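Beneath this line is the structure, given in structure tokens, with notes to follow.
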Amino acid sequence: MGSRASNSPSFSSKAETLLPSEYKKNAVKKETIRNGKKRKLPDTESSDPEFASRRLIANETGTDAVSNGNKNDSNANNNNNNNNKKSSEVMHQACDACRKKKWKCSKTVPTCTNCLKYNLDCVYSPQVVRTPLTRAHLTEMENRVAELEQFLKELFPVWDIDRLLQQKDTYRIRELLTMGSTNTVPGLASNNIDSSLEQPVAFGTAQPAQSLSTDPAVQSQAYPMQPVPMTELQSITNLRHTPSLLDEQQMNTISTATLRNMYSSGNNNNNLGNISGLSPVTEAFFRWQEGETSIDNSYFGKGSILFWLNQLLSSEKIAGVTSKVGNDINTNNNNINHQKLPLILNNNITHNVSDITTTSTSSNKRAMSPLSANDSVYLAKRETISAYIDAYFKHYHALYPLVSKEMFFAQYNDQIKPENVEIWHILLNAVLALGSWCSNSCSSHHTLYYQNALSYLSTAVLETGSTDLTIALILLTHYVQKMHKPNTAWSLIGLCSHMATSLGLHRDLPNSTIHDQQLRRVLWWTIYCTGCDLSLETGRPSLLPNLQAIDIPLPASSATIKEPSIYSSIIQESQWSQILQQKLSNNSYQQSAGECLSWFDSVQAFLDHWPTPSTEAELKALNETQLDWLPLVKFRPYWMFHCSLISLFSVFFEEDAPTDNNVIRCKELCLQLSSRNIFSVATFVRSYAFNSLSCWYATHYLVRSALVPLHFASRISPQHALWETVKAQLLSAHEAMGILSQESSLAAKFDGILTKNYSEILQREGINKSQLMPPPTPLLQSTSFSDLLSLWSANAEDAPRVSNSQMPQSITITDSLLQSSTTQMRPPTTSGWPDTNNFLNPSTQQLFNTTTMDDVYNYIFDNDE
């Protein structure tokens, strides 16, 4: 035994490899550290196999049985109890420093030997517990998930768990679970949940917070349950099945009182929305994002045009509409530039442009490629910027004369130093964005100027109030509205209107100059008109002050002079916006059909006061003025008036089969308004050349007007009295959209919808006519007229013989016949008798539906009986 111990390799030699038989012997020579001192084992321990065996047992049991190896067993047991405290101080793994350096760690606490020697921070990381990759563990997890799903179904029997899991917002899920679990505790059955739901929680009543876990650590992290009104609990319908979609088992678990509380308004505390006449909200929460990643879940009022647009285009009754067409029409993000491009503008200021998302209604024939470095250099050139500024004042300034041309060019040419350089660059980039878009340039250029304008909106700028900043904000609002971003436009118009009222733009300042008065009037009424238009389009409460708090007059115009004025458009729009704002403030969406008709009669005189050019002389006179902006100025107010009325009356389209005569009159009135608008837009696009601005307005109002005949076409039959009117409107809208689609991708998309619906109308009309045709006359058992023709014809041997069994029984009018047939009824001859030569020609078989001798007799002798 001693020879084997002496021949064993040394413990300090790390390069040598220990054999398995020698490992146990050398294990007794391990150096142990106690209180920072090394203790060397006696030689007897290394040579005596009894001590070696005791050391192995100590390593396995965690006791130090070798320290008193020469004593008896009773003394050894006592020492083991005393040394348990020392062994507990040894960590389960090496410290972080030893693991990083690949050192052998003593695993002592608080500091190991190596860290103490080299003066290092000794830190022991928690041991990582890895999931076992076994079938048993996977089965256990599957069973646990199934139990959790069943537990959630018992807690929330009317919720769709799959849709709940799709929610990515963890905080929002906690809120929904908190609202849904009010007055519930784990383990309750479905009937107990029903009883708790039957007792609605009054708003402001304190409720105890319930936790889904008994662990105090988990309870401390849980969100407390806040008192929630029952209306908010009822509004979480996107995570629930509707009652019609619930299966029989779930319907049995829900009591009748629960459904009555969830889908009715029986409690006064929870009926605030119904008291004010508002429609119930059908979403659990709203969220929108109109940047690179589009999220369209914003709130639109039930009577708004955007709500109706989404509902109608997502309906299965409209042909050619996919599930995402409504979103594509409202938001069209096609081009993304992921490069950060510098843009050098006036005053030698370089600004970095953030990532750009291009949204445009530019031509679908033009390629929309991302911006390159050459494009950024081109857009920063003095010539390019000057061209876009000229385009702005040529096209957009005629509609909204907001910018003082003299002051703007004085600052642009460095003749006047701007008061705030950042605000000046916001205004300059806003002008460039609209000018670039109006000039039919590459669709991705204007987005660079827009993003550059936003980059200057710093905290210092938002803490400043000035007229120039207000002008820049309203121009940015118009820009994002043209890019089909209604939510961003709504946010900007709110900021703009609040800044305008803080500057007192809604009040008249008699001591100011005429130029300043005109500028303040135009700016305020532009903000007012834009806010009213967005409020009507989205169905949201207006942010504008009451008319009683506004005393600033309308802009002055040369109305007595026959020359056109750039203030005509804003004056007409302001007058109409005042009428609409007064209507919206009276909760117009909840007025009856009779009240709406009475209100329409009161504004009929105003609509007649601003007619649109319709005669050929008036249309020609607009072209002779050689003012590109004048046709749009003349037509756009007319379109706006009618689309506003359509939006107000669209709330009555929810009833498919109304019984109230006033509701029927309101729907027919919408059809008349849409007819005027559609034919007016069609006249405009056929008579005048248009740019991006006029194309956008024509498409914008044509889409909203064409929704009315689309609604009627999906709900009436060809025998209806309005069928021909609907058909004519769809055809005219289709022709106008075809012209606009050359410059607008949005028009091209909607034109596809109109084309498919018009084809479906022709198909329905053809099928209906074939069904209404009288049954064919029974064939007689005599010789048919076709047989006689074969005998009378000079080419009798070449003419085919048609038997009675081969004769068609009826004629079906198909779409191809309706679209391509140009054959008219043959007028009678001068003598009153039919042409004999044509009569004897075999080709005249097509004149008869049947070939009986009665028809031949009636045809020859002109007998109508």
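Just so you know, glycine gets a Cβ as well, placed from its N, Cα and C.
Annotation comment: Swiss-Prot describes 1-15 as compositional bias 'Polar residues'. What Swiss-Prot records for 22-34 is compositional bias 'Basic and acidic residues'. Feature annotation from Swiss-Prot assigns compositional bias 'Low complexity' to 67-85. Under the heading DNA-binding region, Swiss-Prot lists 95-122. The Zn(2+) 1 binding site annotation in Swiss-Prot covers Cys95, Cys98, Cys105, Cys112. Here Swiss-Prot flags Cys95, Cys112, Cys115, Cys122 as Zn(2+) 2 binding site.
Structure with Swiss-Prot features highlighted.
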residue	record	DSSP class
Cys95	Zn(2+) 1 binding site	coil
Cys105	Zn(2+) 1 binding site	coil
Cys112	Zn(2+) 1 binding site	coil
Cys122	Zn(2+) 2 binding site	coil
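The Zn(2+) 2 site is defined by Cys95, Cys112, Cys115, Cys122, and by the 8 Å test on Cβ atoms against their centroid, the other residues of the chain that qualify are Asp96, Ala97, Cys98, Cys105, Ser106, Thr108, Thr111, Thr113, Asn114, Leu116, Leu120, Asp121, Val123, Tyr124. With a 10 A radius on its CB, Cys98 (Zn(2+) 1 binding site) counts 21 other CB atoms from all the protein chains.
Residue environment of Cys112 (Zn(2+) 1 binding site) contains 24 other Cβ atoms, counted within 10 Å of its Cβ in all protein chains. Looking at Cys95 (Zn(2+) 1 binding site) and Cys122 (Zn(2+) 2 binding site), their Cα atoms lie 6 Å from each other. A straight line from the CA of Cys115 (Zn(2+) 2 binding site) to the CA of Cys98 (Zn(2+) 1 binding site) spans 8 Å. Across the structure, Cys105 (Zn(2+) 1 binding site) and Cys122 (Zn(2+) 2 binding site) are spaced 10 Å apart at their Cα atoms.
Each of the binding-site residues Cys95, Cys105, Cys115, Cys122 was assessed for Cβ neighbours inside 10 Å, and the highest tally belongs to Cys95. In this structure the alpha carbons, written CA, of Cys112 (Zn(2+) 1 binding site) and Cys122 (Zn(2+) 2 binding site) are 7 Å apart. If you take every residue in the DNA-binding region (95-122) and average the pLDDT, you get 91.
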